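Chemist: This is the structure I have questions about; it appears just below.
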Amino acid sequence: MIQFIRPKTASGKTIVVQLSASPPQTPPPTDTNALKNWLEILSQRIINGDRLTKTEALTLTQIDGQDNILLLCEAADRIRQACCGNVVDLCSIINVKSGNCSENCQFCSQSVHHQGENSPIYGLKSSEEILAQAKAAEVAGAKRFCLVSQGRGPKYNSPQSGEFEKILETVRQITTETNIKPCCALGEVTLEQAEALKEAGVTRYNHNLEASENYYQSIVSTHSWGDRVETVKNLKKAGIQACTGGIMGMGETWEDRVDLAISLRELEVDSVPINLLNPREGTPLGHLPKLDVFDALKAIAIFRFLLPEQILRYAGGREAVMGELQSLGLKSGINAMLIGHYLTTLGQPPENDHAMLESLGLQGGEAPIPGEYKKKTQKKAH
């Protein structure tokens with residue numbers, strides 16, 4: 001058993017965490033050719049259906065240097081091609097209610113505990129405004145459109161507000177008047193609420209774990225990691241696909257990142273947003289430097305090794321962190337991305353994203369859910 005002390009938590013307390021020591025890891029080969037061969041063998045194992053162990057994933061985290069990380073990315077891209085194909089899932093989001101959030105997530109500028117500078121504050125948008133943006137997203141090439149709201153979630157909202165029913169009605173309008181698929185990210189929901197969303201037409205729901213179970217208490221104290229897991233399980237019970245990922249660059253360790261990916265694998269989520277922290281002024285994490293581009297690529301590649309068939313989605317921070325190198329993520333395991341603007345920050349024009357995909361020989365559309373692509377290719381082979 002080992003003991004270490006986390007930095008200050010969301011509640012301002014110091015937490016001593018007890019963890020079992022990880023198994024000893026064999027360092028990856030240092031010779032370039034040996035590393036390339038080793039990664040080819042490992043990636044083929046994953047393609048053949050093996051699961052990467054935590055020890056193996058931690059070994060991948062030891063790969064350093066830009067050239068070696070690019071070799072890791074190439075191996076992850078082989079897994080993506082074999083398990084997911086070349087269609088990149090495109091979605092867009094709308095912030096339907098913003099600011100004054102009761103939760104104290106240290107990365108978020110919408111929290112009432114530390115309202116970020118220039119963070120918008122407004123109540124629930126009208127169905128007409130949301131529908132208009134859904135239609136615009138469809139024209140821009142998005143296949144899914146997610147309604148995102150601040151707050152802990154409908155599970156804790158007053159029924160008298162009527163907001164949940166208004167969301168359900170807006171979802172029905174979107175399914176009736178467009179061909180885009182509506183998703184939601186409203187926070188925690190009960191099983192009954194998840195079933196109501198499913199009946200209204202929601203097929204996928206975003207509810208991120210944000211970080212590993214061990215690191216979560218360092219960034220949020222107003223609710224628990226287990227609360228978020230409970231909502232993911234409610235969604236799956238209701239027959240809604242779980243779009244569940246996290247944020248890289250909040251001060252977490254490589255082991256935290258590996259643990260998050262393994263938790264997502266155990267939950268059997270369908271889509272995994274990979275957010276790259278874009279530090280916002282006025283938030284407790286606003287002082288952090290942006291994640292190194294090659295650390296971001298390494299994280300993406302390791303997630304692909306651990307989640308070979310899941311939809312891995314470029315999400316918030318893509319442009320801000322990756323800059324002109326963002327196309328490398330699409331050759332490192334990514335097979336989905338948000339297009340258009342984010343919740344409180346701007347994205348690049350959708351036409352730029354389409355041009356980037358075309359230049360890489362990829363096609364925007366709707367990516368297969370886990371297992372679907374391999375089933376299709378196996379049928380064709382027979």
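Glycine is no exception: its Cβ is also placed from the backbone N, Cα and C atoms.
Take a look at what Swiss-Prot says about it:
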- CYS101, CYS105, CYS108: [4Fe-4S] cluster binding site (BINDING)
- CYS146, CYS183, CYS243, ARG313: [2Fe-2S] cluster binding site (BINDING)
- 83-318: domain 'Radical SAM core' (DOMAIN)
Chemist: Between CYS105, CYS183, CYS243, which of the binding-site residues has the fewest other CB atoms within 10 angstroms in the structure shown?
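Modeler: Relative to the other binding-site residues in CYS105, CYS183, CYS243, CYS105 has the fewest Cβ atoms within 10 Å.
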Chemist: Just to verify a number: CA distance, CYS101 ([4Fe-4S] cluster binding site) to CYS146 ([2Fe-2S] cluster binding site), in angstrom, no decimals.
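Modeler: Cα of CYS101 ([4Fe-4S] cluster binding site) to Cα of CYS146 ([2Fe-2S] cluster binding site) measures 19 Å after rounding.
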Chemist: If you skip the near sequence neighbours and keep only those at least six away, which residues in the chain come within under 8 angstroms of ARG313 ([2Fe-2S] cluster binding site), Cβ to Cβ?
Modeler: ASP89, CYS91, CYS243, GLY245, SER271, VAL272, PRO273, ILE274, ILE334, ALA336, MET337, LEU338
Chemist: Which value does the mean pLDDT take for the domain 'Radical SAM core' (83-318) in this predicted structure?
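Modeler: Mean per-residue confidence for the domain 'Radical SAM core' (83-318): 95 out of 100.
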Chemist: Counting every protein chain present, what is the number of Cβ atoms, excluding its own, within 10 Å of the Cβ of CYS108 ([4Fe-4S] cluster binding site)?
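Modeler: Excluding its own Cβ, the number within 10 Å is 25.
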Chemist: Enumerate the residues of the same chain, CYS101, CYS105, CYS108 excluded, that satisfy the criterion Cβ within 8 A of the mean position of the Cβ atoms of the recorded [4Fe-4S] cluster site; list them in sequence order.
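Modeler: My list of surrounding residues reads GLU103, ASN104, PHE107, SER109, GLN110, SER111, GLN150.
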Chemist: Fill in the CA-CA distance, CYS146 ([2Fe-2S] cluster binding site) to CYS108 ([4Fe-4S] cluster binding site), as an integer in Å.
Modeler: 18
